[in-house]
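Trainee: Handing you this structure, nothing more for now.
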Amino acid sequence: MAGCRGSLCCCCRWCCCCGERETRTPEELTILGETQEEEDEILPRKDYESLDYDRCINDPYLEVLETMDHKKGRWYEVVKWTVVFAIGVCTGLVGLFVDFFVQLFTQLKFGVVEASVEECSQKGCLALSLLELLGFNLTFVFLASLLVLIEPVAAGSGIPEIKCYLNGVKVPGIVRLRTLLCKVFGVLFSVAGGLFVGKEGPMIHSGAVVGAGLPQFQSISLRKIQFNFPYFRSDRDKRDFVSAGAAAGIAAAFGAPIGATLFSLEEGSSFWNQGLTWKVLFCSMSATFTLNFFRSGIQFGSWGSFQLPGLLNFGEFKCSDSDKKCHLWTAMDMGFFVVMGVIGGLLGATFNCLNKRLAKYRMRNVHPKPKLVRVLESLLVSLVTTLVVFVASMVLGECRQMSSSSQISNGSLKLQVTSDVNSSIKAFFCPNDTYNDMATLFFNPQESAILQLFHQDGTFSPITLALFFVLYFLLACWTYGISVPSGLFVPSLLCGAAFGRLVANVLKSYIGLSHIYSGTFSLIGAAALLGGVVRMTISLTVILIESTNEITYGLPIMITLMVAKWTGDFFNKGIYDIHVGLRGVPLLEWETEVEMDKLRASDIMEPNLTYVYPHTRIQSLVSILRTTVHHAFPVVTENRGNEKEFMKGNQLISNNIKFKKSSILTRAGEQRRRSQSMKSYPSSELRNVCDEHVASEEPAEKEDLLQQMLERRYTPYPNLYPDQSPSEDWTMEERFRPLTFHGLILRSQLVTLLVRGVCYSESQSSASQPRLSYAEMAEDYPRFPDIHDLDLTLLNPRMIVDVTPYMNPSPFTVSPNTHVSQVFNLFRTMGLRHLPVVNAVGEIVGIVTRHNLTYEFLQARLRQHYQTI
């Protein structure tokens, strides 16, 4: 076991060992993933740690409940709602910060380059303009890539990682303050650097980090930031705040608080309740109105007007008053929308397939090399993107006549769109009174380009739209996955909007459907491609409706997204699920396949257990913790017929056997307890039965054998009984002897007990053992001490630890005959980390963990099942 690299929080021994792999940090493994040389598919890694979403109702927790009166309960709720509001406000301010500096850097870059292009168009020095554009873009991308080297998990959008976190997987470094700083600064440099990425996706990750860190009032990265805030010191509470923060991020990005709430439910959170719904919606509203308030005041000088609800504004869709035949959409258009949904699904599947191949190539050929290679790859993508943008605008663009409402302003043309939002059109390389349609799309911020496609009628030729779509599609696919913070929402929307606008132009010019509204088709195209890539339906429908502020678009958007999802699902998964799979994360889907019910809990559990006794010596606990990597241990006692002989003279064995007897509940014993509590007594016969069961036992002496087993590098388990000394010649019955199950205790709890000296001497009773409060047990959360950092010289190895007050005495359990679908539903819906399998007489026979419920593991077990039939 010393060579094991990690485990999926399970209590099995053999399944946690890994082969030798190259040395990488947990953060690098998280973002880079691992590949298998012989197999093309990437299986879930077993060294991911799960989160404790199940509440541990032990003695310290019950003591808290005893002191929790109505007033404290109300105060706790007030604090929780206040924290939720603060998360929303802070997420909105993060969005404001990113948007402000992205606009600042983008305006600086385009201002310098446009002035140079205007001057060099006449002097013939366009190469100088290209060098200036390259200088800006390469510098910004270089800074973004350096930030990812500082914190590798800051790369990408962060949505796959947050999805895994909310699913119950502990992703290293995903919600650190350092990750937030690298993400925020990195994404503004990525967008300002001209890469085909968006800032809206990383807002979800940023909001999640704010939600995770703000309620803790401390930081792992900056350890001096600590206020000893006593609340919300558990994974269960943090999960709810991360859900709220992620929703606040997308609400700030799109100005869609209801859609953001649904997004957190549909794509993110695996565990949900009614109270969380209100808190997530309130947090989303807080983020939306915070961002709206400050953006409206800064941009328009109209504080309190609330004119800009999100980072991405789609504007108002309406037909011209002079065009009486125009309609936003008609029933006849639904057929075109369905076809566009099919094409969007095909394009999305193609995008995902290409990006998956690129990601695998990077994992095999880029990531194993020195970190500088990842920076060079990012610079290469930036270089190619800049060259394509500049050359395409100069060579492939068409000079089109300005409309009468257009006017020249500082080398660009200002055009008032129907949504009352000013968007600039570019006159690059074109004579007076004309503009370059390709440059208008490439030399504008992506949000402005989307507005151009949504609201400008007849300003782009079909050839320009087709070329722009192909170039943007390929470059966006290549860009997603490089070592910079990047989002995928806006690139997918812009690429899809060009596709929809192309369809509208073809229908108008070549089929003669003059009544159609081009903006509607552009919106449907954007929805089709985005839905084909990310495969979301409900939340994306509401987000787009809220962004357009047009409820009549609800039906066509929903149908388009459904068709795009069905079409794409026929070929592959959504882009986020693909990247989750590439990282080997044991993500649990919503449900298992029907055929998995051919398996039972006994088929998938791990029977080879590492366990502890209710009373165990420090020497044994330290050895177990240092020689295994499991994150929880069953608390058990052994079933023997001659227990009285072994109790003589040994306090440790006596305490364990007494605990076992006291934990056995009988109907007669319960009736006696109830009768005594009512000042009445049962019959003498019933008393005799109970007295016989709880008869006192005499203790005996016994030798601790754990150190001998540890020296032999073989630890089946420290056996307390002298007639069964550890031996490699044990029979199967001896190795898997019956064990009565009493509860579960976590590794973090055991280490905390050892660090704080919670133990008692063999010459004393267990009542003399110091007691820890709930606050003391959770004080080191979320970074509990490591057993290897423990100073063993401060511990007496012969002292005994009573773990019973701190274990979870009533975890969820299943019987060996429980069908896999029932095991899966219980594990997933209750947010479990470990699921003991207990037989009909209360003996633990195995443990089910997250790894045992992954699709790949179940498929392997199903194949074995078919082979044994």
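Just so it is clear, glycine is given a Cβ too, placed from its N, Cα and C backbone atoms.
So Swiss-Prot lists the following for this protein:
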type	residues	note
BINDING	Ser157, Phe489, Tyr576	chloride binding site
DOMAIN	605-662	domain 'CBS 1'
DOMAIN	807-868	domain 'CBS 2'
MOTIF	198-202	motif 'Selectivity filter part_2'
SITE	Glu267	site 'Mediates proton transfer from the protein to the inner aqueous phase'
Trainee: Tell me the coarse DSSP state (helix, strand, coil) of Glu267 (site 'Mediates proton transfer from the protein to the inner aqueous phase').
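Mentor: DSSP call for Glu267 (site 'Mediates proton transfer from the protein to the inner aqueous phase'): helix.
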Trainee: Mind computing the max CA-CA distance among Ser157, Phe489, Tyr576, which the record assigns to chloride binding, rounded to whole Å?
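Mentor: Binding-site diameter by Cα atoms for chloride: 12 Å.
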Trainee: In DSSP terms, helix, strand or coil for Phe489 (chloride binding site)?
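Mentor: Looking at the DSSP assignment, Phe489 (chloride binding site) belongs to a helix.
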Trainee: Note down the number of other Cβ atoms within 10 Å of the Cβ of Phe489 (chloride binding site), including every protein chain shown.
Mentor: 26
Trainee: With H, G and I counted as helix, E and B as strand and the rest as coil, say where DSSP puts Ser157 (chloride binding site).
Mentor: coil
Trainee: Which residue, out of the recorded positions Ser157, Glu267, Tyr576, shows the minimum number of other Cβ atoms inside 10 Å of its Cβ in this structure?
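Mentor: Comparing Cβ neighbour counts within 10 Å for the recorded positions Ser157, Glu267, Tyr576 gives Glu267.
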Trainee: Give the residue counts of the motif 'Selectivity filter part_2' (198-202) per reduced DSSP state, in the order helix, strand, coil.
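Mentor: Result for the motif 'Selectivity filter part_2' (198-202), in helix, strand, coil order: 3 helix, 1 strand, 1 coil.
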Trainee: Residues other than Ser157, Phe489, Tyr576 within 8 Å, Cβ to Cβ centroid, of the chloride site?
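Mentor: Checked against the 8 Å cutoff, the neighbours are Ile159, Pro160, Gly201, Ile204, Gly487, Leu488, Val534, Ile575.
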Trainee: Between Tyr576 (chloride binding site) and Glu267 (site 'Mediates proton transfer from the protein to the inner aqueous phase'), how far is it from one CA atom to the other, in Å?
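Mentor: Distance (Cα to Cα, whole Å): 9 Å.
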Trainee: What does DSSP assign Tyr576 (chloride binding site), in three states?
Mentor: helix
Trainee: For the domain 'CBS 2' (807-868), how many residues does DSSP put in helix, in strand and in coil?
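Mentor: With helix first, then strand, then coil, the domain 'CBS 2' (807-868) has 28 helix, 15 strand, 19 coil.
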Trainee: C-alpha of Ser157 (chloride binding site) to C-alpha of Glu267 (site 'Mediates proton transfer from the protein to the inner aqueous phase'): distance in Å?
Mentor: 14
Trainee: Could you measure between Phe489 (chloride binding site) and Glu267 (site 'Mediates proton transfer from the protein to the inner aqueous phase') for me? Cα positions, answer in whole angstrom.
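Mentor: Their Cα atoms are separated by 14 Å.
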